[in-house]
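What TrEMBL records for this protein:
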- 42-173: domain 'L,D-TPase catalytic' (DOMAIN)
- H134: active site, proton donor/acceptor (ACT_SITE)
- C142: active site, nucleophile (ACT_SITE)
Amino acid sequence: MKRVQSFSLIYFLILYSLQLVYAENNFSSLKLNAQNTQNNPVFIQIFKEENQLELYQKRQNGQFSLLKSYQICNYSGGLGPKKQPGDLKSPEGFYQITTNQLNPNSRYYRAINLGFPNAFDKAQGYDGQYLMIHGDCVSVGCYAMTDKAMGEIYRYAATALKHGQSHIDINIYPFRMTAENMHRHRNSPHYAFWQQLKPAYDYFVLTKQPAVISFQAGQYTVEKKSINDTNIAENTQLQAQTSATKLLRLGSQNTFTEVK
């Protein structure tokens, strides 16, 4: 009887030890994967009307998935692009940042210079400087995120650039550029400009990859090089048909006689 009890105890101890080893190895693997993930390229989208900054990270399949959504504490000037110093507007459009645009010692805790004005802005005669994403909750043309949120955003951006990402795309929109929202804002004086932003928004929705943006003939242009354009065309056509149906329904509900 004692021999059976001893055998049971030994068996239990061996099994327990194996479980500990497995748990330790699994934890180490998860920790290593987390560390590797933190080094991945990142992408940022900002939506003014929704007061949101979205931080995305590249996965093994090449697509970017949402890492975290942050509430913007403050921005100034309402909807529409930044045009000149003193208009108090926060920029809209497509910007790229490199290591040189990171400021770990900002008066607003941490800061990322957006690089305004970009080539498009300059072509329009827009001017301004020191337009940032930064900490605190004070804004004069910048996007203030609070120190806590900015600490996280800055860390991911700095880490990605340190580990080989050449630049980080930051796409800034007035709102989520759905067909419904575009219809709602169709009478805005900024509507023609926003129509230039929408293809890049749609591209990311369809592909989960940031669009390659170029500047041609005074306008933003989306280049579709890195993925299957046939699928993009099919998806875009389907989305257009769906959007048209929604807009007609929306127009009917609001007694609109024309959909623009």
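Just so it is clear, glycine is given a Cβ too, placed from its N, Cα and C backbone atoms.
Any TrEMBL annotation is an automated prediction that lacks curation.
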Cβ contacts of C142 (active site, nucleophile) (under 8 Å, same chain, 6 or more positions away): Y75, S76, S90, Y108, Y130, L131, M132, I133, H134
Can you tell me how the residues of the domain 'L,D-TPase catalytic' (42-173) break down into helix, strand and coil by DSSP? 24 helix, 48 strand, 60 coil
For the domain 'L,D-TPase catalytic' (42-173), what is the mean per-residue pLDDT, to the nearest integer? 97
Neighbour count, 10 Å Cβ-Cβ cut-off, for H134 (active site, proton donor/acceptor): what number do you get? 26
